[in-house]
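The domain 'NADH-Ubiquinone oxidoreductase (complex I) chain 5 N-terminal' annotation in TrEMBL covers B:63-105. The domain 'NADH:quinone oxidoreductase/Mrp antiporter transmembrane' annotation in TrEMBL covers B:121-402. The annotation transmembrane segment is assigned in TrEMBL to B:72-92, B:104-122, B:128-146, B:167-185, B:230-248, B:254-279, B:352-374, B:380-407, B:427-449, B:464-485, B:606-630.
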Amino acid sequence: MGRDLALLTPEIAVLLTAVGALIAEMLRRPRISLALAAAGLLVATSLTVPLLGTDTTVFGGSFRIDALSIWAKLILLPATVLSLLLARNDIGGTVREGTVYSLICLATFGALVLAGAGDVMFLVLGMLLTSLATFALVAYPDDDPATEAAMKFFVFGSVAGAVMIFGLSYWFGATGSTLLTDLARTDAMPLAAILGLVAVVVGLGYKASLVPFHFWAPDAYEGAPLSIAAYLSVVPKVGSLFALTQVVRDLPVDSGWPAVMAGLAVLSMTYGYLAALVQDNVIRLLAYSSIAQSGYFLLGIVAVGSSELALPSIILFAAAYAAMNLGAFAVASATGRTLEEFSGLGRARVLTGIAMVIFLLSLVGIPPLSGFVGKFLLFAAAIDVQFTWLAVVAIINSVLSLAVYLRIVMPMYRPAETTTVAPATWPGVVVMITFAATLIIGLAAQFFLAGR
Amino acid sequence: MNEIALPVVFPLLAAVAILVLRRWAPALALAGATLSLAVSLWLMGRVAEGHLETLLLPGLPDMPLRLTAEPLTALLTVVIATVGTFVLIHSVGYMKQESGLPRFYAVMSLFLAAMQALVLAGDWVLLLAAWELIGLCSYLLIGFWFQRSEAANAASRAFLYTRSADLGLYIAVFILIGSAGTSEIAATMNVGGSVAVAAGLLLLLAAMGKSAQVPLQDWLMRAMAGPTPVSALLHSATLVAAGAILLIRVTPLLAPGVLLAIGLVGGFTTVTTGLVALAERDLKRLLAASTASQYGLMLISIGAGAPLAALLHLVAHAAIKSALFLAAGDFQHARGGTGFDRLESVGRIRPWAFAGFTLAALALAGIPPLSGFFSKDAVIAAALSAAGAVWLAPLALAGTLLTGAYLARALRLLWRGAGGTRPVAGAAWMGVGVWGLAIPAAALGLAFGPIEALLDLPAPEAEGAWAVLLGLLAAVSGLALGWLVPARRLLGPANPWAQSGLTVAGGLTAVVGRPAMAVSRGCERLEDRLYAAALRVGRRGLTIARGCERLELSLYAVVLGAGHANLAMGHLVRVGDERRIDGLIFALVASVRAWGDRARTLQSGLIHHSLAISAVVTAVMLLILILASLRF
């Protein structure tokens, strides 16, 4: 028990941080709440570092301390801190400001639970924790678009959650256990295995906004504060994709899950980019782009269990995705929500413009940026398990994605039509940090790959 | 070994072909039956050489459907195919003047297929399915002249009676599969104890319904409202035989107590329906009562622990009774009815049919050397040697005596008196049908030796001279009584009771029948509720179908889009030619943008649309996974 708790100190720290932020808010000290949340999450991150290399489970196998869950903390906790900084820019000065920080910490806690789930009950718990906190976050502005977005998000989430819990009961019925490691026993009962699999795909696919469970995402991103949209596009998504990885690691391959993942990957990538191509709103464009990026994650998930490249590729792409996507949202936060507002940005604010171009090129997957390394590894993993066709589809989609992201870049270098306001402090900071991360992750990983 | 399925497949194909083509119905049905007969004979030959075959077909999980060719089942397919073929030949003549022939022949062929499936079935699920199908065919065929309220009522009554008795089969099958863990019939024979007793009694109930045993015999008498070939095929030789066949097949399962119950039910039936037959004033109804009575004899010998005797009698009876019915059909056409008042002296006018009728009647009465003599001898021997001989032997002898009496009465009524005739169309076809079955009815006794050798069934123990003597005595005295003494005198005070036939059922309805009807009414209510549920499901289905329609429309739009894309491609090539490569790229971009617009239309912003799309894709995913996991 003592050992288990010691291994869980980062999670406990996140939880305490959430509580601390809430207490500070109750004392009407929102700045302290923010500082406490950011500091607590950074402490949790540093507490995670010594765990690197551990591969064990706690609480009788129901929670895993392995590469996935540790790297989830190392990626998602800093990403959450950056989201907090963006949030300060968005909602600073509103009443109940501190509750946002607290809820963000709680949602992150849920994502971490998902990423380390070794038991279907943890899947449910993580899903509910994340969902409930994010529903409230989306609805925070208390205006019509936000309420509508939150309502859609909520209805979709309740349906998906109910379906997931219902389907998971088949797994429990088939194996008599809630542990994921016992899923191998569903071999004898293909129907139960399939029903459970489909339910998990519905539940986690909704969280990760995979097509066709993505419908809430563009509306929620558009209606929610920008920082919350940025947060939603990274933390819960990565958490649930990691959870999906945890689940399929233990599923028998012959239940057909790789084919399902491949199909969803094609749908998500293609649909996401096609829809992004016709958006005039930068946030909706980024929302569809993030839907497509979820599809890329699935390339790595397809290879789980059969290829050594699978886990490194997923983790690396998660890190790259967190950096570049947060960066793009941070630029949008400093600039505006429509494509018109971006025109002339590259001339008016040269550095921000360069950073945005780098983020977008990284999202396309241009070397030597981090997105390239991540996608490269994902393609390699998919080819490694004879899903070459899937890699080809993904590469074709990358070409399509260039057209999508160039739609933002092109107006940026038109002659300025409007004078842009001076950038706020926090988004600038976030842009700088993510910019550095995007470059460093890419370069470091390439050195690492070259060394192999 | 897929040849086992052929006796089933040929009539089935014939039924489908008739329904599709709507012409050449008699030829197609006959072709199906003849091919089925040929395959059955070939199968019988193979089985006789010692090849036992089983065909597994995918069915319920862990419960494959199986068709089994073993001596018993192969013999029964031959019997059914033979009777079916000759009855169909007969009906070519009999049905010449009717309309709606495709329906008649299609259902007859379907019935043949279902009946063949029933006898070949090696597992309970298939047997149950075939059992239900023959019931359905019986309903459709009895009600062939559904415009006549009498026929429609008879059809419903037959369906309800047999359906409620079928409950016994359902429960028995559930019990057996539940306790044996498999649906293979042979494997479920090993269960013992109270399970076997309960299952045996329930199976007896099902057999009583199908084989028209007292108190469930009423439907068979009324079923005579249907066309005569239907009576000849379904209500004498095949459908009615299903009950006895079922009991013969499950003999190893039956406990001594159950055997006695079967014997007593059979004995009671053979005597009561024999009396009813003696008083009957309609030829077809007399034959129907006689059918119930003969199946009573078979149940006696099953109850006596000698299923072989029952089987021999079943085979002999199939040929004999079909021949009798077919001859009755001939008479019916000659006089426009089957009441004895109309049929006076018809025997002298239609001598060939009457000769066939007489031959078959003598065979049924048990006159040597005709087939009925041997089979009835076996039944009586079985009854004499049984554990419950005190009960069974007198009942069996009384049944034999009554058989002789009512047949002699029928012959006399058909011969005496005076009356005209009217032209009979298709008499040649009918004659072939009658004689095609009358000859085996006479000569089948020769085949009994090889059949006994082939089948692995317990035979009667004592084949003494007593049995022969008593049987012959009963038969001859029955014939003499029936010819010489009028039925009214013979029956004495029992005459009105027997004459109505209904009072037997009515009296018993109070004791046994009414609860059965209550069960059946309960079933009806249950069915109503199921119907309501089905309606609800159907409405849902309709909603889904509407959704599918909408999906189809959007798919259509997608296809249209693909067509447009193709056009655009052509345009693209032209533009590429005319405006070099940069034009081409712009055209490509334009077409991709058009696709993007389509993707946007999917995103209507209405949450129920989104959820519906999610649900449809999930369902497709589920379907694909399940189909992939089946991998047959």
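Glycine is no exception: its Cβ is also placed from the backbone N, Cα and C atoms.
Restricting the average to the domain 'NADH-Ubiquinone oxidoreductase (complex I) chain 5 N-terminal' (B:63-105) gives a pLDDT of 89. Between the transmembrane segment (B:427-449) and the stretches B:104-122, B:230-248, B:254-279, B:352-374, B:380-407, Cβ pairs under 8 Å are most numerous for B:352-374.
Counting residues 6+ beyond its ends, the transmembrane segment (B:128-146) has Cβ neighbours under 8 Å at 100, 103-104, 107-108, 110-111, 114-115, 117-118, 121, 152, 154-156, 158-159, 162-163, 166, 169-170, 173, 206, 210, 223, 225-227, 230, 234-235, 238-239, 242 in the same chain.
Sorting each residue of the domain 'NADH-Ubiquinone oxidoreductase (complex I) chain 5 N-terminal' (B:63-105) by its DSSP state yields 29 helix, 7 strand, 7 coil. Below 8 angstroms of C-beta separation, residues 196-197, 200-201, 204, 208, 213-214, 217, 221, 247, 286, 289-290, 292-305, 383, 386-388, 391-392, 395-396, 398-399, 402-403, 405-406, 409, 482, 487, 490-491, 494-495, 498-499, 501, 504 of the same chain, each at least six residues beyond the ends of the transmembrane segment (B:254-279), sit close to that stretch.
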